[in-house]
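Visitor: Take a look at this one; I'll ask things after.
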Amino acid sequence: MGQKEAHMRTVWWEDGVVKMIDQRLLPHQFEIVAFDNEHDVARAIREMYIRGAPAIGAAAGFGMALAAQRSQAATTEDLLNDLRTAYDVLYASRPTAVNLRWALDRMMALATSLREQPHQVVRDALVAEAQRIADEDIETNQRMARYGAELVPEGANILHHCNTGGLATVDWGTALGVIRMAHEQGKNIHVWVDETRPRLQGARLTAWELMQWGVPMTLIADNAAGYLMWSGQVDLVTVGADRIAANGDVANKIGTYKLAVVAKENNIPFYVVAPTSTIDLQTPTGRDIPIEERDPREVTHVLGQCNIAPEGVNAYNPAFDITPHELVTAIITEYGVVRPPYEENLRRVVEQAEADRKARQASGSV
Ligand SMILES: CSC[C@H]1O[C@H](OP(=O)(O)O)[C@H](O)[C@@H]1O
């Protein structure tokens, strides 16, 4: 079995195809897969070869670049129509992580802005933009890690849910990026790793990443988290996000809300780590965020194999839940730590990010 080499990315463009780690097989198999069309990239997102909001956004960007490369359009207007079709194919892959729409909108806006250019110019520009989305993600994650590590006390016991590491992003990670930074700063931390039923991102992916990084950790059943918080064995909880509404409500892996309630009950700080690309000012509150419902078989069959329930049992499999902003101590972004009032403070960092991106575009540094 191969290994994720240091600084290897989760998804990347190579020789005209998109390559990614097939996360369904981890931790016992390490396989890289390659796709040459947007339909296969959409399927890879839907079937969770690749998952995690920022990683999904980057994959979607590369999917649009593939669509442009594959298009047989004779005119740029026809190419734009092909790209609109690819947008819809990729957008339909998973509904909750807003990074998917964010990346698709960014790629489509660029293509549209080049409608007077020859279509080869458009094709090349889209590959470059997808690369920029990927490159920016790593820089963003390292900025968040530095801000977040300042909030981690020496010797902290940290509870983490799902997977938010390099595998959930292009590299480095969001909440796990903060944990990695605190570890590398010598803060002697320890991580309680929620297994995260039913897809077990914690047991399969977070444990694997933290062991690779040499971070002290202990794997727990999801249901042990409450006892650990009640018994004073957790100093802070940190999670990622798939979409943050304008008022600060947070969509994240199913089980997050329960952790936030118990953390509040035990006066434990609850931090969300997410880039501004995960903040959706178009969505007013958490009740407006679409929650993905996945195949109930993910609940009844562990990793699609071992049936743990009676044949024909009813099962329900919401993949995310909503944590009301009142339960969120702070949201750590690449523009710093955002605290309440979330409505105005989230808008401020999103507008700052957009202004910076336009300035980079204008200066030609992108
Ligand atoms: C850094 S975002 C990671 C985010 O995505 C995970 O969901 P999934 O594995 O289904 O894509 C989970 O919600 C994580 O917090």
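Cβ atoms here come from the backbone N, Cα and C positions, even for glycine.
Predicted automatically and left uncurated, TrEMBL annotations should be read as such.
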Visitor: Need a hand: TrEMBL gives ARG51, GLY52, ALA53, GLN201, ASN252, LYS253 for substrate, which of ARG9, ARG94, ARG287, ARG297 is also on that list?
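Guide: Looking at ARG9, ARG94, ARG287, ARG297, the one TrEMBL places in the substrate site next to ARG51, GLY52, ALA53, GLN201, ASN252, LYS253 is ARG94.
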Visitor: Relative to ligand 1, which of the binding-site residues ARG51, ARG94, LYS253 have a Cβ found under 6 Å from one of its atoms?
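Guide: Near the molecule: ARG51, LYS253.
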Visitor: If the substrate site is taken as the center of the Cβ atoms of ARG51, GLY52, ALA53, ARG94, GLN201, ASN252, LYS253, which further residues of that chain fall within 8 Å of it by their Cβ?
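Guide: Leaving out the recorded residues gives ILE56, ALA97, CYS162, ASN163, ALA168, GLY240, ASP242, ALA319, PHE320.
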Visitor: Hey, does DSSP put ASN252 (substrate binding site) in a helix, a strand, or just coil?
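Guide: Reduced to three states, the DSSP call for ASN252 (substrate binding site) is strand.
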